[in-house]
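Student: The structure is given below, and queries will be raised subsequently.
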């Protein structure tokens, strides 16, 4: 991994204390998205990691609603593969499958179109940030329902103190930046 590129990415993540509620330190990726060099570096770094581990053995990138959509298509293009969308409930037309995940107060659902993938296709799930792992686990469940193979989950940022990586069990996980 290129240290100068990683530093370019890291410098574009800013922190907002007590947002959206007191006690939360919000990691904002907006400056990264505004800077084409930093954004390109983030895509190159994620793609380089995936190429080194999986070579040409990835069929699709699955982007998670909503900020995973910012990285999914660009990462897919860099790897020369397609991108599928995993959306919040009620946002996809046609027949869908759904999986629930817990929120701090209640639950939410993700959906994928039933014909998004074929059994056995190898998929990498991407999101901007991994916190508790609830969303990523629900996405893995959806892909398992389609009998696709989740080869890895990746994110730009990981909040290590929330232990989301542990919830993924045996599924490999990679993040460019880690914060407590």
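Each residue, glycine too, has its Cβ placed from N, Cα and C.
Features from Swiss-Prot:
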- 2: N-acetylserine (MOD_RES)
- 15: phosphoserine (MOD_RES)
- 30: phosphoserine (MOD_RES)
- 60: phosphotyrosine (MOD_RES)
- 66: phosphoserine (MOD_RES)
- 114: N6-acetyllysine (MOD_RES)
- 135: phosphothreonine (MOD_RES)
Student: Give me the Cα-Cα distance between residue 135 (phosphothreonine) and residue 114 (N6-acetyllysine), rounded to a whole Å.
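Tutor: Taking the Cα atoms only, residue 135 (phosphothreonine) lies 19 Å from residue 114 (N6-acetyllysine).
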Student: Using only C-alpha positions, which one of 2, 30, 60, 114 is spatially nearest residue 66 (phosphoserine)? These are the modified residues in the record.
Tutor: 30
Student: Compare the C-alpha of residue 15 (phosphoserine) with the C-alpha of each of the modified residues 2, 30, 60, 114, and give the closest one.
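Tutor: Result: the closest of the modified residues to residue 15 (phosphoserine) is 30.
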Student: Where the distance is taken from Cα to Cα, which of the modified residues 2, 60, 114 turns out closest to residue 30 (phosphoserine)?
Tutor: 2
Student: Roughly how many angstrom lie between the C-alpha atoms of residue 60 (phosphotyrosine) and the residue listed as 'N6-acetyllysine'?
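Tutor: Between the Cα atoms of residue 60 (phosphotyrosine) and the residue listed as 'N6-acetyllysine', the distance comes to 15 Å.
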Student: Where the residue listed as 'N-acetylserine' and the residue listed as 'N6-acetyllysine' are concerned, what is their Cα separation in Å, rounded?
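Tutor: So the alpha carbons of the residue listed as 'N-acetylserine' and the residue listed as 'N6-acetyllysine' sit roughly 38 Å from each other.
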